[in-house]
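Q: Sharing the feature lines straight out of TrEMBL:
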DOMAIN    6-105  domain 'Cadherin'
DOMAIN    106-214  domain 'Cadherin'
DOMAIN    215-321  domain 'Cadherin'
DOMAIN    322-426  domain 'Cadherin'
DOMAIN    427-536  domain 'Cadherin'
DOMAIN    561-648  domain 'Cadherin'
TRANSMEM  663-686  transmembrane segment
């Protein structure tokens with residue numbers, strides 16, 4: 001709980017304030033047992049509690065002006081602590097002002113010099129009195145002791161403040177009275193009222209009957225807070241109608257101007273220029289000084305003017321950029337409006353100097369948006385593509401609205417993380433691969449390669465064959481592909497005569513989620529090898545027999561005996577055939593066309609020619625190495641076809657070639673004969 005008491009200051013010691021036990025609902029008899037304590041931040045204990053009755057009384061009189069100085073409300077806070085159980089109560093004491101301070105003038109005596117020729121109505125400023133009490137207990141009015149020459153009037157300055165003026169009511173005569181002693185009394189509004197006096201001594205002068213007069217009663221000026229020493233604030237100007245020394249004016253600060261302000265500013269005694277004299281180390285935006293103008297007469301006359309100096313803030317603080325949070329890296333598929341960073345941007349200057357304009361470069365896919373007060377959000381304003389730009393250096397420029405403005409920059413490094421938004425890409429949609437037939441198993445055919453602009457697993461590519469069939473067989477039985485590098489290998493030998501070409505597709509797939517893929521079509525062309533000898537189609541023979549052709553007995557020259565027809569399953573030059581006559585029983589009788597395979601007579605037949613002839617024709621391709629086949633043709637010179645064809649094996653048959661078995665037999669016979677001869681020679685020598 002909390003209880004509030006009001007007590008007038010200067011209340012005598014022991015005066016009752018209240019009963020804390022009754023006011024807080026606590027049994028007074030328990031206070032001592034519960035070890036009550038009064039706690040306060042004040043160094044003095046102004047109140048005390050009777051442990052038996054709970055009565056709260058004054059322990060020491062309170063001087064409100066000493067305790068709270070010029071505060072309008074004077075409060076004392078205490079805390080009452082009780083134990084068993086532990087309880088805490090707050091007590092607040094409002095110290096009420098009483099009229100315990102009299103008005104006081106800064107000086108006890110003031111001297112005013114007045115020339116005797118002043119006309120009634122002349123005015124002289126009198127000092128203000130000060131009263132430490134507040135409100136109605138402060139200074140309320142001024143009175144002047146009775147004098148036939150003077151009376152008192154209150155005047156108001158341009159800012160509303162009032163001050164007393166001594167007004168000449170009747171002309172002075174120095175010869176009758178050279179000095180007038182007056183008493184200026186300041187009274188407050190207390191009950192009973194208090195007053196303070198100051199002596200005003202008026203000396204009547206015989207000369208200099210005009211006081212300086214300022215052009216303005218109040219001067220106003222504005223200067224920058226960082227103005228260096230010597231900066232002109234304002235130039236005050238006063239005039240004096242007197243001539244000579246009585247009209248020469250010297251300027252100075254009035255005694256009522258505080259010493260601190262007199263150290264900060266200086267006034268030129270002759271020109272009235274008020275300048276900065278030091279550092280303007282003040283927190284108040286408006287300063288008040290009193291400038292006095294006094295002439296150089298024998299008894300100088302003076303007047304005062306108020307100078308109000310407004311301290312203008314200058315833009316001496318730059319914006320401060322603080323990164324409260326930053327998200328980096330961000331995925332490249334972040335939608336526009338995604339918040340990347342939260343920034344706090346402050347300027348310590350007040351007013352326009354503290355207002356800030358922020359911006360980032362226009363060519364970036366980002367935007368700076370105001371959030372809470374002094375906070376900004378950095379958001380995406382467009383689509384991101386890591387493959388084009390993988391990172392950004394975003395320079396944030398903060399400029400205040402001061403003159404000249406101050407600019408602060410801060411750079412944020414934002415990285416863009418990859419997402420799987422790019423499929424693998426082949427350099428072409430299809431490619432041609434050439435492979436020779438009869439290739440070995442596992443032969444390398446080609447290596448396909450696809451690139452993926454993504455990184456990491458999103459950019460790691462694996463390869464596979466798409467399911468298809470080739471000539472009725474599964475593609476996997478013919479080929480295999482390396483998953484890691486795309487190398488294609490043959491799983492069996494190709495035969496050009498059975499399969500000349502085929503195509504298939506290789507698929508490249510990345511490891512992203514979800515995975516993206518692309519395919520390339522591979523056209524395989526099988527190159528021919530010379531692996532087939534020419535096949536004799538005509539004349540047809542069986543089991544190595546001799547083909548027989550019948551030619552008229554007296555056939556003419558260039559008579560077509562027969563035409564050898566052959567075919568080669570190979571391709572191109574491997575299938576280009578040429579015909580050669582390797583044996584003829586009569587070389588002058590027949591010739592063979594190498595290109596057409598036509599066997600013709602070289603000359604006309606004669607009656608003396610043998611009836612049976614035999615030729616051997618070789619058909620050869622143009623492969624490397626070439627392959628060939630032979631056919632034996634028996635030629636019978638007869639006008640009619642005999643019923644029984646003769647045997648062509650014994651007539652004109654070329655000598656048999658030595659085969660390996662014959663060579664072994666001959667070599668063995670020679671060795672045996674040599675050994676036998678050597679034995680006989682050895683036996684003969686032994687007999688001798």
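In case you wondered, yes, glycine gets a Cβ from its N, Cα and C as well.
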Q: Restricting to the domain 'Cadherin' (215-321), what is the model's mean pLDDT?
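A: Its mean pLDDT is 87.
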Q: Please work out which recorded stretch in 215-321, 322-426, 427-536 has the most C-beta pairs separated by under 8 angstroms from the domain 'Cadherin' (561-648)?
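A: Ranking 215-321, 322-426, 427-536 by Cβ pairs under 8 Å to the domain 'Cadherin' (561-648) puts 427-536 first.
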Q: What does DSSP give as the helix, strand and coil breakdown of the domain 'Cadherin' (561-648)?
A: 4 helix, 41 strand, 43 coil
